[in-house]
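To start, the structure itself, in structure tokens.
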Amino acid sequence: MGARGALLLALLLARAGLGKPGELGALQAGPGAARRPGGGGREEACGHREIHALVAGGVESARGRWPWQASLRLRRRHRCGGSLLSRRWVLSAAHCFQKHYYPSEWTVQLGELTSRPTPWNLRAYSSRYKVQDIIVNPDALGVLRNDIALLRLASSVTYNAYIQPICIESSTFNFVHRPDCWVTGWGLISPSGTPLPPPYNLREAQVTILNNTRCNYLFEQPSSRSMIWDSMFCAGAEDGSVDTCKGDSGGPLVCDKDGLWYQVGIVSWGMDCGQPNRPGVYTNISVYFHWIRRVMSHSTPRPNPSQLLLLLALLWAP
């Protein structure tokens with residue numbers, strides 16, 4: 001095909017991303033340093049935040065306080081929460097995609113406090129990313145089991161003070177009953193279905209992670225049915241005063257450990273919102289640590305079909 005064809009072939013292969021490994025991002029198998037392996041031999045920091053201010057009352061958050069928080073938007077409207085794992089990967093709940101599983105229907109908003117940015121908020125729209133792939137755990141069964149999914153973004157995220165990845169670990173044992181765990185989201189704010197009021201800012205709540213024995217005991221009152229498996233855990237207040245609600249699904253539950261933040265759970269399901277003896281139920285990320293790492297390590301960018309057609313034409317050209 002000649003020197004010119006060979007050059008075009010090399011450029012097309014680079015543009016299509018053929019053979020390029022998926023970015024591993026902010027993963028680790030256990031306690032360690034604050035830097036994690038990233039794509040292309042680079043190292044990336046995770047679990048850091050530069051904004052520490054907290055709005056009085058601990059209900060409404062501040063921009064940049066949770067820089068890994070993502071708003072998953074279905075046809076431009078907030079639908080679920082998520083968390084940034086690396087420049088190309090976002091973690092969320094599988095049940096968010098039960099009826100809407102085409103990547104083209106979704107975008108991911110990062111770095112914004114509000115779930116409804118105004119049309120003239122150019123900063124917000126510059127930090128909105130298209131979704132290339134939605135990878136639901138193959139064993140997902142609604143919201144009850146294996147409620148976890150990964151989104152591969154169509155382009156790389158630019159990090160700044162308001163956009164940073166979260167760390168994850170292969171064990172959550174050390175986080176049970178720790179005082180500094182938080183859940184964030186843009187969901188309803190009362191059991192009666194009160195929506196988030198303007199300016200639709202992210203809300204945060206400090207929660208305690210319960211062990212599964214205690215959680216099953218609470219769910220067995222007044223019935224005698226255990227509902228919490230090892231792939232889940234409960235968090236919140238036993239009196240129902242702190243809980244997640246509709247619209248928070250897929251969002252992160254994170255804990256501080258030695259100055260680094262780790263995502264421990266994904267908002268999954270609950271019995272209504274804010275009910276006594278019915279704490280919120282979360283996907284236990286540690287159970288899926290190796291699945292997450294495998295998907296992120298082995299996925300490759302999807303080539304542009306037009307580029308592949310041109311590539312074939314070059315290969316067959318005299």
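Cβ atoms here come from the backbone N, Cα and C positions, even for glycine.
Disulfide annotation in Swiss-Prot: C255 is bonded to C181, selected among C96, C167, C181, C215.
According to Swiss-Prot, C96 forms a disulfide bond with C80, chosen from C46, C80.
Of the listed recorded positions N211, S249, the Cβ environment within 10 Å is emptiest of other Cβ atoms at N211.
Spatially, by CA atoms, the recorded positions H95, C245, S249, C255, N284 include one closest to N211 (N-linked glycosylation site), and that is N284. Among the recorded positions H95, C96, D147, C215, N284, the residue whose Cα lies closest in space to that of C181 (disulfide bond) is N284. Just so you know, the Cβ of C255 (disulfide bond) picks up 23 other Cβ atoms within 10 Å once every protein chain is counted. In this structure the C-alpha atoms belonging to H95 (active site, charge relay system) and C234 (disulfide bond) are separated by 18 Å. Fewest other C-beta atoms within 10 angstroms, among the disulfide-bonded residues C96, C215, C234, C245, are seen around C245.
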